[in-house]
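Read through the structure below, which is laid out as structure tokens, and then see the notes.
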Amino acid sequence: MSELDADAKPNILITGTPGAGKSYLCERLAEQLNFDWLDCSKIAKEHDYVEEHDEEYDCPILDEDKLMDHLEPLMQKGGNIVEYHGCDFFPERWFQAVFVVTCPNKTLYDRLKERNYNEKKLSSNIECEIFGTILEEARESYKADIVHELCGETAADAAKSLKTVKQCEYLQQTSCISV
Ligand SMILES: Nc1ncnc2c1ncn2[C@@H]1O[C@H](COP(=O)(O)OP(=O)(O)OP(=O)(O)O)[C@@H](O)[C@H]1O
Ligand SMILES: [Mg+2]
């Protein structure tokens, strides 16, 4: 498999617990950076990249290989913001920067409650946030200096996150950003 095309824009990963505020940020980032926003859950649903349905947690189990085959040519071109609530199965070489969106538990609880998640799904997601599971997963999967934590609670947090991403050293180096 080939690397990022030489003159391509970088690829960014936005990860974090469900409901933490990834899509909210990605939508704004994609518009401001003029990158493509690839929401993996949405892509998996649209193309049926689903192995089975987990009844207990009431969620689809992703067929990771199919999703990666779909993403590979897009990643090679660069200029993508990839969103997913996990990050350890993507090839490390895909991303030049990784951002983990986190959210205070109370706010996250309210957001997930609003989605009518069942008790099991709700508590496992809240635990995921309390234990910093995705942040740890990101730090274990990518070089420490490309992993950044962002807060996804308020509009002001999102504005701050947009600045942080735009100021990210690698993105500046590739001069793909006109701030
Ligand atoms: N920074 C923010 N300020 C205010 N509201 C926000 C912010 N981020 C997210 N929200 C709100 O919280 C809810 C969940 O956000 P969002 O859909 O972005 O989460 P997500 O991390 O993309 O979830 P999923 O993993 O299911 O895709 C939405 O109603 C969204 O409008
Ligand atoms: Mg989302």
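The backbone N, Cα and C atoms fix where each Cβ goes, and this holds for glycine too.
Please treat TrEMBL annotations as automatic predictions, because they have not gone through curation.
The following features are taken from TrEMBL:
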- Gly19, Gly21, Lys22, Ser23, Tyr24, Arg115: ATP binding site (BINDING)
- 39-62: region 'NMPbind' (REGION)
- 114-124: region 'LID' (REGION)
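Structure coloured by features recorded in TrEMBL.
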residue	record	CB count, 10 Å
Gly19	ATP binding site	25
Gly21	ATP binding site	24
Lys22	ATP binding site	25
Ser23	ATP binding site	17
Tyr24	ATP binding site	15
Arg115	ATP binding site	11
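Each of Pro18, Ala20, Val101, Arg111, Gly152 belongs to the same chain as Gly19, Gly21, Lys22, Ser23, Tyr24, Arg115, is absent from that list, and has a C-beta within 8 angstroms of the C-beta centroid marking the ATP site.
Checking the binding-site residues Lys22, Tyr24, Arg115 against ligand 1 with a 6 Å cutoff on the Cβ atom leaves Lys22, Tyr24, in sequence order. Contact annotation for binding-site residues (Gly19, Gly21, Lys22, Ser23, Tyr24, Arg115) versus ligand 2: Lys22, Ser23, each with CB under 6 Å from a ligand atom. The binding residues for ATP are recorded as Gly19, Gly21, Lys22, Ser23, Tyr24, Arg115; their greatest pairwise CA distance is 15 Å.
In the three-state DSSP classification, Tyr24 (ATP binding site) falls within a helix.
According to DSSP, Arg115 (ATP binding site) sits in a coil region rather than a helix or strand. Break the region 'NMPbind' (39-62) down by DSSP state and the numbers are 8 helix, 10 strand, 6 coil.
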